[in-house]
Amino acid sequence: MSAVSGLQGEIHGFGESALVIVSIIILVALFSIQRFGTGKVGFMFAPVLALWFFSLGSIGLYNLVKYDISVVRAFNPIYIYLFFKKNGKDAWSALGGCVLCITGAEAMFADLGHFSVKAIQIAFTLVVFPCLLLAYMGQAAYLMKYPDSANRIFYDSVPDSLFWPVFVLAALAAMIASQAMISATFSCIKQAMALGCFPRLKIIHTSRKRMGQIYIPVINWFLMIMCVVVVSIFQSTTDIANAYGIAEVGVMLVSSTLVTIVMLLIWQTNLLLVLCFPLVFGSVELLYMSAVLSKIAEGGWLPLAFASVFLCVMYIWNYGSVLKYRSEVREKISMDFLLDLGSTLGTVRVPGIGLLYNELVQGIPSIFGQFLLSLPAIHSTIVFVCIKYVPVPMVRLEERFLFRRVGPKDYHMFRCVTRYGYKDVRKEDHHVFEQLLVASLEKFLRKEAQDLALERNLLESDLDSVSVASRDPEASGSYGTEELKIPLMHERRFDESGTSASEETTSALPSSVMALDEDPSLEYELSALREAIDSGFTYLLAHGDVRAKKKSFFLKKLVINYFYAFLRRNCRAGAANMSVPHMNILQVGMTYMV
């Protein structure tokens, strides 16, 4: 709106209605191209902004020299005191307008997914700040001669011959600045989701090179609708500026508070310096906040209302999710209980592979007990599948699955952590997923057998060496077990989840390790697995309902039973539900009492 408002004085009959309509058209176009990613149009950002800041600085310097160069005296801090002494309360109220001179600077730092910290610091220090300073000084010099141009100072201070080029640059720069705010919003929402503080939403990564370039459709269209509504209701940049001023100073206060906490707890800075930081910066920010709060009735209520709504949504989601996870951890099935049930798990084991999706990386989820209670039979092979996303573009197929055994061998139960990168296609054909999972499981079983054979071989060699050493003390320590221990210590690598050894272990195995056809337990387990594969896969899913305990207080029941339940019903479903074939689904309902 601020950029398009230049047409009001240039085109006859271009009033507020036309200003609102043109602004809405540009907004709709801007939000409509977000799905293509900023990388597609990002090549024009740098030259446009370079021209924009160059024009700001040049025009400001031109006006400064032409009209009144004496405004440079404003660098003298004494004029701050004289300004407040002369104007009193009006000077304090004017601080709210001064805040608008620096709005937008924080958006650059929120856009770290596209640029480095050093690049942003250099750009702001050497380009943005000097050009803005010259622009405002030039406008002040122009106002010294034409004080009546205060309402339209930017376009009035532009030479007539440069109006249309500057207007086009201003419109493009405003769109790019809006793009930075939109991208920063996507980044903030994504980080909030990663921290478990926001409901799950669909995230589309628009770049293979930069993880920070993302697109969130729901947030994009929500922002567009809200922007159109705000422009339609306010129809003036004055009230929107009041709202933006409160948001700006609010960001400053929150940032200073968090930096103080980081200095105290993370950096462990000297306590005196920690106290000086909020004392210096916080006092200035509080002064500006007191000035902009006087504009609450004139549009300043808008960011406070939005902040309150989003704070409630984030708090309710985080509160409910934490209680649900604690309930899952608390109600995990103990291994002792499964051992008491025996390898049949207290029911009938029928051929087939059951893939039970859950969010726990360790332990047996309580929903498995619900399946045992509800079903007359359970599959001969059970795999607990946990899907995790890692901060890399793509995960190689041979590294996608990490297996570990759950319980004794005759239980045929495994845990599988399935890893996806942010550019991996999650909705692959379920047959492909099943084939990859089975191939990785067979590979795990073979490596497990090889590892056990290697350990037995090393143990026997170690015992032989001990017996030889007892007869020949001079031979101990120089040969025998030390040679055999080298491949074990240097080549075998186990991760925390108990996955199989690395590829190098296979080549390092001695020739005396038991071959596949000589290991009846492995052959039996592989044949049982093949029989289960022939019988098919079944996806065991949980339909969880979170409810507050009856003895909970009223507010907790209201938050969990209604607000959190509403968010769970309307947020994006878990990763397990995206490409599961409906014909192969077994779903059991479960209520988590928190």
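Using N, Cα and C of the backbone, Cβ positions are placed for all residues, glycine too.
Per TrEMBL, the features are:
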- 1-338: domain 'K+ potassium transporter integral membrane' (DOMAIN)
- 351-592: domain 'K+ potassium transporter C-terminal' (DOMAIN)
- 12-31: transmembrane segment (TRANSMEM)
- 43-65: transmembrane segment (TRANSMEM)
- 122-142: transmembrane segment (TRANSMEM)
- 162-193: transmembrane segment (TRANSMEM)
- 214-234: transmembrane segment (TRANSMEM)
- 240-265: transmembrane segment (TRANSMEM)
- 272-293: transmembrane segment (TRANSMEM)
- 299-317: transmembrane segment (TRANSMEM)
- 369-390: transmembrane segment (TRANSMEM)
Which stretch, 12-31, 162-193, 272-293, 299-317, 369-390, tops the Cβ pairs under 8 Å count with the transmembrane segment (43-65)?
162-193
What average pLDDT does the predicted model assign to the domain 'K+ potassium transporter C-terminal' (351-592)?
72
With CB pairs under 8 Å as the measure, which of the listed stretches 122-142, 214-234, 299-317, 369-390 comes out on top against the transmembrane segment (12-31)?
214-234
Same-chain residues at least 6 beyond the ends of the transmembrane segment (369-390) whose Cβ lies under 8 Å from its Cβ atoms
333, 341, 345-361, 406, 412-422, 437, 441, 528-529, 531-532, 535, 538, 540, 542, 575-576, 586, 588, 590
